[in-house]
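Feature list (source: TrEMBL):
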ACT_SITE  HIS34  active site, proton donor
BINDING   27-34, 144-147, VAL173, 181-184  ATP binding site
BINDING   GLN58, GLN150  (R)-pantoate binding site
BINDING   GLN58  beta-alanine binding site
Amino acid sequence: MLRIDSIDAWQAYRKNVDGDIGLVPTMGALHAGHLSLVNAAKSSNEHVVVSIFVNPTQFNQANDFEKYPNTLDEDLSQLAQSGVDAVFMPTFELMYPDNYIYQLTEKDLSTQFCGAHRPGHFDGVLTVVMKLLNLVQPNQAFFGEKDFQQLALIKGMVKAFFINTQIVSCPIVREADGLAMSSRNLRLSAIERKVAPQLYATLNSDSTLKEKTEHLNTIGFDVDYLAVMGDRLLVAATLGEIRLIDNVPYDMPGDKA
Ligand code: AMP
């Protein structure tokens, strides 16, 4: 597995790639959810490239960025074992030669749900994904349904800007107790980790949206929103210091709204 940490080295590598490339963008601290994207990429591409870049422009709280988990050595050995061809690990200076003077903004969906609570977050996400797509020029790029709003915005961006990459969505991978896998789960205390699966359980419970929100707030979550987007029920809630998100398929029953 090649480790590439400069744009020049990446472009030299890209020129010589023959066959389809599948890209899996990540921020590291990898878990089985990320590896499911790698496996999906492998099944339909000759070459799989994983990027590891903790993108500062999508963090709206300095503390969250500084404390973002870093498990680079384990990440690299997991990716090598998974048969990844190349890992792209650029620095901020290389990814943002303009120091983030140029930004990509979506003006509708990105202001709702997570966007309403994390100002600038989706500008950072869309900008970095556009940069990665332009640099890597993959045939396909793989994103998890865990970040459902992000996935919808990336699909919309690719369509709006005629980007020649197919966006492939992958199902949420969960722990045995139902908690959606997330790099931030590493930062939960033992007690918080016991409560955390209630987020998924509550989404699935037979109750109204208002009752679900109240229940989560009662058991220790601080709910940012619990709301329907299309055919999904989305939630974002903070437990201790950690903001968790999740979503489930949802067909709006008349008596539950
Ligand atoms: P991140 O490293 O958190 O930026 O995530 C990188 C990619 O992995 C994104 O497309 C996420 O949606 C996806 N991902 C993260 N957690 C999961 C999960 N539990 N199941 C499936 N995909 C995931």
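From the backbone N, Cα and C atoms, a Cβ is placed for every residue, glycine too.
Taking the features listed in TrEMBL, we show where each one sits on the structure.
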residue: MET27; record: ATP binding site; Cβ within 10 Å: 18
residue: LEU30; record: ATP binding site; Cβ within 10 Å: 25
residue: GLY33; record: ATP binding site; Cβ within 10 Å: 21
residue: HIS34; record: active site, proton donor; Cβ within 10 Å: 27
residue: GLN58; record: (R)-pantoate binding site; Cβ within 10 Å: 21
residue: GLU145; record: ATP binding site; Cβ within 10 Å: 18
residue: GLN150; record: (R)-pantoate binding site; Cβ within 10 Å: 22
residue: VAL173; record: ATP binding site; Cβ within 10 Å: 18
residue: SER183; record: ATP binding site; Cβ within 10 Å: 19
Filter the recorded positions MET27, GLY33, HIS34, GLN58 down to those with CB closer than 6 A to an atom of ligand 1; keep them in sequence order.
MET27, GLY33, HIS34
Quick one: Cα separation, GLN150 ((R)-pantoate binding site) versus SER183 (ATP binding site), in Å?
16
Length of the line joining the Cα atoms of the residue listed as 'active site, proton donor' and MET27 (ATP binding site), in Å:
10
For GLN58 ((R)-pantoate binding site), the one of LEU30, VAL173, SER183 that lies nearest, given that the binding-site residues are compared by Cα:
SER183
Three states by DSSP: which one describes MET27 (ATP binding site)?
coil
Give the three-state DSSP assignment (helix, strand or coil) for GLN150 ((R)-pantoate binding site).
helix
